[in-house]
């Protein structure tokens, strides 16, 4: 088998966009993307979805032409994914916003509350603690984005950044407004409730960070191949014995603890939405593991041990 010609059609209209001649049989999809980009500069590689079938899945960069089920003239289909933005940039924008938005409410800017001076007395100690924990969470996320995370996909559609920022920034403003309000009332069970929540918060943050490091180590050599994650010597990673996505388990635990700490309804609603979204992501990842690995541990659940 030798394939030296590649025909690329529009996935929707089936119109021929280009015909590449004398393509090496061991050429990768990434190399074909680059050839296509030279002919159509506006469609840079990250914006291209190259498929074997118009309704099929996008081919991965590392896939080799001669290993695909094609004839001597390979017919591929192109779909424009639209303007793209790098995941690192996405996360930096998403997480920087809540960090600074929270401070607008914590420092009780006059344009936020507009109350008389007598209502702006020193906040309850839990308000200061909540600010520290909220800031710590997003600073940790920013550090992980720069130094820990390794992304299997380099970009996401630019249009999604608006939706994501509205979610993170909007909720940060909503919960910060109530937590830092001059009329905010502290948790019902006082210091015991707060201390319990802080300990739970720190444990979940440490666990979340440990899982991210463990997942990053699976791609240390730059590989984008999916691998089964296993527990390491770090006790926080032992949750891998029971769930496929313990990073989401710890993340939900972080926000549950923050809800207990502040006893604030908007935080509880944010936690609920986080749990729903992360359960969807965890189930998708769990199904991917089951589909790609026949020896995947059967006792693992997506996000909650023994339940879900």
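Using the three backbone atoms N, Cα and C, a Cβ is placed for every residue, glycine included.
Counting residues of the domain 'TECR-like N-terminal' (5-80) by DSSP class, helix then strand then coil, yields 17 helix, 27 strand, 32 coil. The domain 'TECR-like N-terminal' annotation in TrEMBL covers 5-80.
Residues or ranges marked as domain '3-oxo-5-alpha-steroid 4-dehydrogenase C-terminal' in TrEMBL: 155-308.
Per TrEMBL, transmembrane segment is recorded for 85-107 (among others).
Summarising the annotation, TrEMBL assigns transmembrane segment to 166-184 (among others).
Sequence annotations record features per position, and here TrEMBL assigns transmembrane segment to 196-215 (among others).
Remote same-chain partners of the transmembrane segment (235-250), defined as residues 6 or more beyond its termini with a Cβ less than 8 Å from a stretch Cβ, comprise 204-208, 210-212, 214-215, 229, 278-279, 281-282, 285-286, 289, 297, 299-306. The transmembrane segment annotation in TrEMBL covers 235-250 (among others).
Long-range contacts of the transmembrane segment (256-276) within its own chain (CB-CB distance under 8 A, at least 6 residues past either end) are made by residues 126, 129-130, 133-134, 137, 171, 174-175, 177-179, 184, 186-188, 193-194, 196-198, 200-201, 204. The transmembrane segment annotation in TrEMBL covers 256-276 (among others).
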For the domain 'TECR-like N-terminal' (5-80), mean pLDDT (0 to 100):
90
Short question: which residues 6 or more past the ends of the transmembrane segment (166-184) have a Cβ under 8 Å from it?
94-95, 97-98, 101-102, 104-106, 108, 112-113, 115, 119-121, 123-124, 127, 130-131, 134, 262, 264-267, 270
For the transmembrane segment (85-107), give me same-chain residues lying six or more residues beyond its boundaries with a C-beta closer than 8 angstroms to one of its C-beta atoms, as numbers and ranges.
127, 131, 134-135, 138-139, 141-142, 145-146, 149, 151, 153-158, 160-161, 164-165, 168-169, 171-173, 176-177, 179-180
